Every structure is written in C-alpha cells, then in structure tokens.
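Only one structure is covered here, and it is reproduced in the block below.
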Amino acid sequence: MKKITVIGTGYVGLVSGTCFADAGNDVTCCDIDQVKINNLSQGIIPIYEPGLKELVHKNVRSGTLHFSANVPQAILDAEVVYIAVGTPMNSTGEADLTYVKQVAKTIAENLNGYKVIVTKSTVPVGTGRLVEKVIRKYSKDQHPFDVVSNPEFLREGSAIKDTLNMERAVIGATSEKAFQIIAELHQPFTSNIVKASLETAEIIKYAANAFLATKISFINDIANICERVGADVTKVSAGVGLDSRIGNKFLQAGVGFGGSCFPKDTAALLHIAEDCGYDFKLIKAVIETNEKQRVHLVEKLVNSLGELKGKTISVLGLAFKPNTNDIRSSPALDIIPYLAEQGAIVKAYDPIAIVETKKQIGYQCSYTENAYEAIKGSDACMILTDWQDVKNLDLAKVKQLMNQPLIVDGRNLFKLERMQELGFTYLSVGRPAIQKDAVISKAI
Ligand code: UDX
C-alpha cells in the first residue's frame with residue numbers, strides 16, 4: 001500500500017487515481033479547481049465514463065480515495081506524486097507545458113523527503129528531464145527524489161477496464177528504486193512491464209498513438225480508393241486484419257479520428273520530429289488524410305443533395321466516439337458549422353454530448369431528444385458517431401420520417417443490401433453507393 005497523490009483530476013488523473021485506490025492504495029486526487037473538488041467530494045463526477053462514478057463512490061466509502069484542493073498538503077503527505085495535468089496543444093501544434101512546470105515547482109516547494117514524481121500526462125520527449133531540473137532548482141537539492149515517465153494508454157469509454165486490465169505498463173525511471181516502486185503499483189493491473197529510460201517511455205506513448213492514427217488514416221485512404229474502383233473497404237479490413245501481423249483493430253474506415261489524443265499527439269510528434277531535424281513525412285500524411293476525410297463526407301452529401309441552402313439535415317452523433325460526452329476534435333464540430341454556413345437547417349442528436357456541443361458551437365443547429373426527432377422531415381441524414389442507439393434505429397421508420405431517404409453514413413453502420421431493399425440512397429465510406437430505386441448487382 002502506497003500513499004499516492006495525483007495532481008490533476010481530468011480524465012487520466014481521475015481514472016488512474018481511482019484505480020490505484022481500488023487496488024488498495026491511499027490516494028488523494030487534487031486539483032486547483034475548488035469547485036471540481038467540492039463536486040467530486042460530493043460524488044459528482046465531471047466526465048461521463050462508464051463505471052467511473054460507481055468506482056469513485058466505492059473507494060470514497062472505503063476510505064482509500066480522497067479529494068483535495070490543498071495541493072501542497074497532498075504533496076507533503078505522499079510517497080508517490082503523479083502529475084496528470086493538461087498539456088493542451090498550442091496554435092503551432094506543440095504541447096503546452098505551462099501546467100506541468102507549475103506543478104513541478106509546487107512539488108519542489110513541498111518536498112519533505114524521498115518521493116517518486118511520475119509524469120502521466122502525454123508530454124514531449126525531454127519533459128521528464130525538465131521536471132527533474134525544475135524540482136532540483138526549486139527544492140535546492142535538499143531532499144532526494146526520482147522522476148518517472150509512466151504514460152497512459154486508456155481509451156475514453158472503456159477507461160476503467162483499460163486501467164484495471166492494462167495490456168502493459170511502461171515505466172521510464174531515473175533509478176532502479178523508483179522503477180521498483182512504480183512497477184509494484186502496477187502489479188494488480190498487469191504483469192507486462194516495459195522498463196525504459198525516461199525518453200524512451202515518452203516516445204512509446206507518441207509512437208503508440210501515432211501508429212493507431214496511422215492505421216485509421218491508412219484504411220481511410222484505402223476506402224477512398226475502394227470507392228473509385230467499386231470495392232468494399234469493410235471486406236478489405238477483414239481480409240487484411242486476419243493477418244496476425246496486421247490485426248483487425250483500428251482498421252474501421254469512416255469520417256476519421258477525433259478526440260483529445262490522436263489529433264493532438266500526431267501534431268505534437270510532428271513537432272518533436274521537426275525539433276530534432278527529422279522530416280516525418282508519414283505522420284504529415286496521416287494528419288492531412290484525417291482532415292480531408294471530413295471534407296470528403298460533406299462532398300458526398302453535396303454531390304447527392306445539391307445546394308444545401310434551405311435543406312434540412314439531421315446529424316446523428318456529436319461525440320468523437322460512442323460512450324463518451326467528449327467532443328474534442330469531433331467531426332461534428334467542423335461539419336455542423338459548415339452546413340449551417342451554407343444555409344442548411346441542421347438538427348442534431350447525441351445521447352449525451354449535447355450540453356458540451358452547445359457550449360462549443362451554440363445554436364448553429366437545433367438539438368433533439370432522440371434520433372427520430374432529428375430525422376423527422378430531413379432531406380438528408382449524416383451519421384458521425386457509431387452510437388449503439390443509432391445502430392439500432394428502426395430503418396423503415398427512419399425512411400418514413402425523412403423528407404427524402406438520403407443517408408450519408410460516416411461510420412458504415414448498415415448493411416448495403418438492407419439499405420437497398422428499403423429504398424434509401426445510402427452513401428457510406430469505402431463501399432459502393434446505394435442509389436434509391438437503382439438496381440445494383442447484389443454485393444457478394
Ligand atoms: C486513444 C488511444 O486509443 C488510447 O490508447 C490513448 O491513451 C488515448 O487516445 P481515445 O482517444 O479515447 O483513445 O479513443 P479511441 O478509441 O482510440 O478512438 C480515437 C478515434 O479514432 C475516434 O474518433 C474513433 O472514432 C476513431 N477510430 C477508431 C476510427 O475511426 N476507426 C477505428 O478503427 C478506430
């Protein structure tokens with residue numbers, strides 16, 4: 001059992017802290033945002049993440065999880081201090097380290113004995129060393145400490161599962177002692193520990209996210225070729241994914257990736273490459289393909305519908321992926337304002353991300369309580385998130401409700417044969433277009 005303080009109660013901090021508490025450690029999650037801490041202390045969770053609320057409540061009740069806005073005190077009490085503050089992307093695509101540096105200084109000022117300081121935030125290579133330097137400077141070398149890079153690989157929507165049953169823990173430590181302490185913390189979660197240097201651990205995080213983003217952009221490029229030659233990308237994914245060297249995950253073609261990690265981390269990796277004088281062409285192409293994919297989906301809509309002015313368009317899905325209310329870099333945030341700008345009347349639906357979307361793009365569209373309400377009377381429907389309740393739509397009812405049966409599906413949710421039978425014009429990604437009333441040869 002260790003006394004752990006986690007600084008920053010965002011996604012990563014809150015989930016990691018809660019899971020460490022669940023494994024029997026004494027954890028204090030702290031934040032300078034007093035309102036957030038007050039809410040958390042009352043069991044109000046600022047993010048939607050399946051299972052998180054229950055796990056927080058359980059560990060608060062059992063006394064292993066605490067919340068505090070008194071960051072210095074929480075540091076004084078801890079053996080291990082996790083830095084899990086935000087590293088937002090600045091205008092040039094670089095990760096902004098202001099918060100990380102501030103926290104490192106606060107840690108230095110409250111160092112009262114040996115502590116392991118761990119960076120959990122996704123940070124550029126060299127940040128671990130920078131944290132070490134800042135702490136050394138402000139603590140005036142009065143107490144021993146070690147710095148560790150222990151990057152996070154959890155996915156939103158399955159963050160608890162991903163943490164409690166992680167596939168691996170990457171631990172880049174400045175001493176064997178610190179490595180052992182952090183490795184022990186991870187024993188309940190995984191036996192796959194990758195021991196590395198600080199810099200290597202930092203690169204592993206970027207390499208993992210950039211590789212996954214590359215898989216997505218790659219399959220989206222293949223999808224665009226499939227559209228030109230009349231092939232079906234979902235079968236291509238299945239066909240190549242069965243090769244165990246490739247694997248079938250992250251090969252789902254669609255409107256492209258969003259979220260808080262892939263767009264930010266690919267941009268940051270490009271910066272890291274530029275900073276060390278390397279022209280990382282591949283990652284540039286990954287980013288560009290992803291940006292174009294949103295435009296491509298809108299082009300499909302325009303090619304089929306003609307002028308958008310005065311047309312009613314329903315948009316299903318605002319979150320960047322299902323099971324989260326996170327809309328950061330979500331395709332909807334680009335697509336809805338564009339449709340509205342062209343004079344379309346946009347009706348949007350999402351099971352849980354409407355409040356966040358309103359804050360971001362306001363009333364450039366109207367919002368509905370269910371998908372059918374959005375669909376009712378629309379000239380076209382765009383699907384942007386693969387929510388289960390969108391997958392489960394009664395398609396016959398959808399057709400009946402629409403002004404004209406045109407669906408542009410950025411997530412390939414429905415079978416082509418079914419859409420053809422029902423008489424939709426159905427434009428998906430990397431699959432043959434289904435034209436209403438047209439007789440097309442049956443897909444194999
Ligand atoms: C990602 C990484 O998976 C995780 O390991 C890291 O710690 C943080 O970044 P997350 O952003 O939560 O997690 O979402 P993820 O499930 O990876 O999806 C990212 C985006 O890729 C979503 O927009 C999703 O729709 C898209 N995606 C994913 C595809 O378009 N196709 C796929 O096959 C898979």
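Glycine too: its Cβ is placed from the backbone N, Cα and C atoms.
Annotated NAD(+)-binding residues in TrEMBL are Asp31, Lys36, Thr87, Thr122, Glu156, Arg328, and among Lys249, Lys264, Lys397, Lys399 the one listed with them is Lys264.
Per TrEMBL, substrate is bound by Phe153, Leu154, Arg155, Glu156, Lys205, Phe250, Leu251, Gln252, Ala253, Gly254, Gly258; the candidate from Lys101, Lys309, Lys311, Lys321 named for the same site is Lys321. Ranking the recorded positions Asp31, Lys36, Thr87, Cys261, Lys264 by Cα distance from Phe153 (substrate binding site) puts Cys261 first.
Per the record's binding annotation for substrate, residues Phe153, Leu154, Arg155, Glu156, Lys205, Phe250, Leu251, Gln252, Ala253, Gly254, Gly258, Lys321 show a top Cα-Cα distance of 24 Å. Using Cα positions, the member of the binding-site residues Lys36, Thr87, Lys264, Arg328 nearest to Gly258 (substrate binding site) is identified as Arg328. The domain 'UDP-glucose/GDP-mannose dehydrogenase C-terminal' (314-416): residue composition by secondary structure is 36 helix, 18 strand, 49 coil, according to DSSP. Only Phe153, Arg155, Glu156, Gly258, Cys261 of the recorded positions listed as Phe153, Arg155, Glu156, Lys205, Gly258, Cys261 bring a Cβ under 6 Å of any atom of ligand 1; the order follows the sequence. Asp31 (NAD(+) binding site) and Cys261 (active site, nucleophile) have their C-alpha atoms 21 Å apart, to the nearest angstrom. Using a 10 angstroms CA-CA radius around Cys261 (active site, nucleophile), the binding-site residues that qualify from Lys36, Thr122, Leu251, Ala253, Arg328 are Thr122, Arg328.
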